[in-house]
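According to TrEMBL, the protein carries these features:
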- 40-289: domain 'Nodulin-like' (DOMAIN)
- 41-61: transmembrane segment (TRANSMEM)
- 105-126: transmembrane segment (TRANSMEM)
- 170-190: transmembrane segment (TRANSMEM)
- 202-221: transmembrane segment (TRANSMEM)
- 242-264: transmembrane segment (TRANSMEM)
- 270-290: transmembrane segment (TRANSMEM)
- 329-365: region 'Disordered' (REGION)
- 347-364: compositional bias 'Pro residues' (COMPBIAS)
- 388-415: transmembrane segment (TRANSMEM)
- 395-602: domain 'NFD4 C-terminal' (DOMAIN)
- 466-485: transmembrane segment (TRANSMEM)
- 491-513: transmembrane segment (TRANSMEM)
- 577-599: transmembrane segment (TRANSMEM)
- 619-645: region 'Disordered' (REGION)
Amino acid sequence: MVFDAGAGSSPASPLAAAPSGNPLRVILTRGFARQVLAGRWFTVFASLLIMAASGATYIFASYSGALKSALGYDQRALNTVSFAKDLGANLGVLPGLINEVAPPWAVLAAGAAMNLAGYLMLYLAVSGRTARPPLALLCLYVFAGANSQAFANTGALVTCVKNFPESRGVVIGILKGFVGLSGAVYTQLYLAFYGGDDPESLILLIAWLPAAVSVVFVHTVRYLPYPRRRGGEETSTNPFFCFLYLSIALACFLLVMIVVQRQVPFSREAYGLAATPLLILLLMPLGVVVKQEYKIHRERQLDDALRAAGPPPTITVVAAADAASNAVQMSSSSSKNKTELQREQPVAPPTSRPTPTPSSPPPSCLGRFGGCVRTMFRPPARGEDHSILQAVVSVDMLVLFAAAMCGVGGTLTAIDNMGQIGQSLGYPSRSTNTFVSLISIWNYAGRVTAGYASEAVLTRHRVPRPLLLTLVLLLACAGHLLIASGAPRSLYAASVVVGFCFGAQWPLVFAVISEVFGLKRYSTLHNFGGMASPVGAYLLNVRVAGRLYDAEAARQRGAGGGGGGVCLGVECFRRSFLIIAAATALGAVVSLVLVWRTWGFYRGDIYARFRDGGDGAAAGDRLPVGQPPRPEAEGEEAAAAAAVK
């Protein structure tokens, strides 16, 4: 055994050479500020705030009554406006395609402009400052404003998923969780800014606030290269858990405020005072970002100090002197043989590249399209990067789309009609804001739980995410049956169940899409999966709930043909939600098909390609996704181990 420590005989330790001192001397410098603003973690912080301001579509129930009365709509017309909202919020193919060719800041800027224009025109129409628009034009206003949410999701969420590919479940969960909390956040800010007595002012708030937040952080959300170093602070996932704890504190604060505001009357100043800790909690993730960037800064200083100290001491372990001499002789003889062979072999002259002839023109656009059509039915293996056509026509995508259409469409119908459901069951009008806030908080809980829990059980136990989606859909059936029953105070429990299930479905659906079809076209495929929401909402909300509500209202008035009356009683929504519960149960059965198809895929290491150097790393010590080890490979490894011994 030979130890060669001559290279490491430096007088000072590298740890001592690393700078140390007061952290404020580093944090308050201009260079550290540039590091924070240019880092991956500030991108996450900016995305959290953008997502927290992009959930205005979830508070439709808070101003739908004012919209219905100001414009003289019946329930079916109101549900048509709600469908336009859902279509705009989830029709993200356009921002997805823009994101394929443009940077994220362009997507966020376009979304901010659409949000301001759409909701501002809606505010002018509801407040009477413009002439009453036709229903189609009003739907266009709502569509444009809600479509900004798809732009924000694409610009912020897709960017963070690509920046943190090994933690995509956690990333989607925490970002979607802040979207879920946005309804309760908007309610508190609305009470603080406008007092809560004017629903028109709420429309004005959701017109300017999301646009302002997107404009402020538009240049800080961008794609960043994945760090090459593994196991250090740059690839640590600890900040995500800090974000989780802060979001739980924010949700608890909002829940406490809901309870207190129901029991104690608040003045305008009290609402403003209560909004102060809310804003502090929203900005506290910035402290996590600064702390993590300081750790990265210290780690880089230590690396620089180690490199400046020279190479580390070398330790050579030799089993036997004879083995060493034999190895030297073998290496020298093999090098001589290689040299003799190189001398004997003639050097081939360089071959010139054949010049293209006029008879072989470049492939035309029609030829490229034909090639895409031919390959779209021959997709790569699950987990590899699919093209858009390959993913859209695949059986896995169609099954996932059908399950999400039944599940998300049903829960979204309950959320959009919560104001009318409470009115028909005799709840006071003030309870509508309570239902919206409960749905918002439990929407957050569902998103965060689904993101973190699915990542944990997938990593530790290889449980497929589609199986968790099945369980969520079955739980949603219970929420729909609670609404259909009309039992006293059951709507509070139904708000909790429906909000949780609605939130839990999205991280699971988006994570499955990224894992099965790859990340190359994720910005477009992510938005294609979101299209299941408006399709399901149109079928279950407009065609089922709206039509049956108007029919029951007409029956109560003793006139046929529908109208703009108000329906009272359990029968207003009973049949609708029995149908929705049956459709959701069908979605759970359909999702089991996806569980069966992807079971083998999820039993493999689906994140292997992102480890040990990223995509370009050699796969010699990794298994392809969803494939067991080859017997011959195991034999080769055993033989190599025996030779070493």
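Using the three backbone atoms N, Cα and C, a Cβ is placed for every residue, glycine included.
What you see is a predicted model, and the numbers here were worked out from it, not measured in a lab.
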Problem - Interface present between the transmembrane segment (170-190) and the transmembrane segment (270-290) (three or more C-beta pairs under 8 A) - result: yes
Problem - Distal contacts, the transmembrane segment (388-415) - CB-CB under 8 A, six or more residues away - result: 58, 60-61, 86, 372-373, 375-380, 382, 421, 439, 466, 469, 472-473, 476, 479-480, 483, 494, 498-499, 501-502, 505-506, 509, 512-513, 516-517, 521, 524-525, 528-529, 531-533, 535-541, 544-545, 576-577, 580-581, 583-584, 586-588, 590-591, 593-594, 597-598
Problem - Region pair the transmembrane segment (170-190) / the transmembrane segment (242-264), three or more CB pairs under 8 Å - result: yes
Problem - Two-stretch contact, the transmembrane segment (577-599) and the transmembrane segment (466-485), at least three Cβ pairs under 8 Å - result: yes
